[in-house]
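Worksheet: the structure to be examined is printed underneath.
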Amino acid sequence: MNIYLQQIVWFTAIFPYVFLLILLVRGITLPGAEKGIKYYVEPNLAMLTVPTAWQDAATQVFFSLGPGFGVLMAYSSYNDFHNNVYHDALLTSVINCATSFLSGFVIFSEGPGLVFVVYPEALATMPGASVFSAIFFLMLLTLGLDSS
C-alpha cells in the first residue's frame, strides 16, 4: 500500500509542473506573446520605492513558503536527526522561486476569477478544449491535495 501512496504523491507533485509547462508553450506560441513576455521581464525600477510593493513581496514569500504555519514542524518530525536542513531549505526556496517566476508567464490575473472564469474561457479557445479543461481541473485537485 505504501508504494502506491508514494506513486500518487509523486504524480500529484509533478503533474502541475507538466501542465504549467504545457500552458507556457501554448502561451508563447500565441500572437502577441512577445509583448507580454517583455512586459513581464522588463523591470520597472520606480516600483522599488513603493512601500506596498515590498509589503506584497513579503506577503508572497510568507504565503508561498509557509513559515509559521506549523506544517513545517510536522514535516520536520519525520526527518533523520542529522538531516541537512540547510540544503532542504535552500532547495525548497529555489524551487519555490523558480515556480513563481515560471507561473508568472502563464498567469495573467489574480483571485478566484482566474481559476474559475479566465482559465476555463482561455482553455475553451484551444484545440482539444475538453481534454485541456479536464487536465486543468485535475491539476487544481492535485494542487489542493498536495498543499499543506
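Including glycine, each Cβ sits where the backbone N, Cα and C put it.
All annotation found in TrEMBL is predicted automatically rather than curated by experts.
Counted within 10 Å of its Cβ, the other Cβ atoms near Ser64 (Na(+) binding site) come to 12, all protein chains included. Sequence annotations record features per position, and here TrEMBL assigns Na(+) binding site to Ser64, Asn96, Leu143, Asp146, Ser147.
Long-range neighbours of the transmembrane segment (7-28) within the same chain, counting only residues 6 or more positions beyond its ends whose Cβ lies under 8 Å from a Cβ of the stretch, are 36-37, 99, 102-103, 105-106, 126, 132, 135-136, 138-139, 142-143, 145-146. Residues annotated as transmembrane segment in TrEMBL: 7-28 (among others).
As annotated by TrEMBL, transmembrane segment applies to 57-78 (among others).
Sequence annotations record features per position, and here TrEMBL assigns transmembrane segment to 90-108 (among others).
The list of residues near the transmembrane segment (128-145) in space but at least 6 beyond its ends in sequence, with Cβ under 8 angstroms from a Cβ of it, reads 11-13, 15-16, 19, 22, 115, 119-120. The annotation transmembrane segment is assigned in TrEMBL to 128-145 (among others).
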